[in-house]
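Have a look at the structure below, then the notes.
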Amino acid sequence: MLVLFVATWSDLGLCKKRPKPGGWNTGGSRYPGQSSPGGNRYPPQSGGWGQPHGGGWGQPHGGGWGQPHGGGWGQPHGGGWGQGGGTHNQWNKPSKPKTNMKHMAGAAAAGAVVGGLGGYMLGSAMSRPLIHFGNDYEDRYYRENMYRYPNQVYYRPVDQYSNQNNFVHDCVNITIKQHTVTTTTKGENFTETDVKIMERVVEQMCITQYEKESQAYYQRGSSMVLFSSPPVILLISFL
C-alpha cells in the first residue's frame, strides 16, 4: 500500500512540472533556423512578427502602427491626431485671426465701417461750411444748392496715412465718387459748377474730419501708454 501511494504521488509531481505546448521555443513557434514539426515558423503563422491576433507590427488588435483600437497614429479610439473620440480636443485647428483692437476702438469712436468700400468709414453729419468762392455767382449758387452736396465724408483711419494731404485727397475722391453715383441713380445730374463747388466743400469737411480723427487717435495712444506704465499696472493689480 505504501509503495502504491509513493508511485501515485510521483506521477502527480511529474504532471505539474511538464511544460505546456505552444510556449516560447516550443514546436508551435520556434526561432528561425530551428527545425520543428510545423516547419519554419518565421514569421509565426496567422500573423506577422509580434502579431498576437493577426494584426500588423505592434498591432494587438488589428490596427495600424501604435493603434490599440484600430484608429490612426496616436488615435486611442479611432479619432484624428489628438482626438480622444474624434469629437473634441482637436488642438491642430487653425486659430481664429485676432482682431486689431486699436482699429476697432477707432471705428467705434469715429463711425461705422461701410460695407463694400474696402474699410472706409462714414463720418458723422456736419454742418456745411461757409465758403466764399471769390465771385458773387458761385457764392449765391452755393447758398441756393448746398443741400445737394454731401454733409458726411468717407475716410480711412488716420494711422493708415503718412500725412494730412494724403488723408484729405483720398477722403475727397471717395466721398465725391459715392455721392455722385448715388445722386445720379436718382435721376439728378451735376454741372461743372456743382463739381467745382462740391470739391471745395468736401475738401473742407475732410480737413475737419482729419483734425477730429487725429486728436482722437493721439488721445487713445496716450491712454494706452498711461495704462501700460509699470506704476499703473502695479496699482491695478492691487484693486
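Using the three backbone atoms N, Cα and C, a Cβ is placed for every residue, glycine included.
If you check Swiss-Prot, you get these features:
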- 16-222: region 'Interaction with GRB2, ERI3 and SYN1' (REGION)
- 16-31: region 'Interaction with ADGRG6' (REGION)
- 44-51: repeat '1' (REPEAT)
- 52-59: repeat '2' (REPEAT)
- 60-67: repeat '3' (REPEAT)
- 68-75: repeat '4' (REPEAT)
- 76-83: repeat '5' (REPEAT)
- His77, Gly78, Gly79: Cu(2+) 4 binding site (BINDING)
- Asn173: N-linked glycosylation site (CARBOHYD)
- Asn189: N-linked glycosylation site (CARBOHYD)
- Ser222: GPI-anchor amidated serine (LIPID)
How big is the Cα-to-Cα gap, in Å, between Asn173 (N-linked glycosylation site) and Asn189 (N-linked glycosylation site)?
18
If you count CB neighbours within 10 Å, which one among the glycosylation sites Asn173, Asn189 has the smallest count?
Asn189
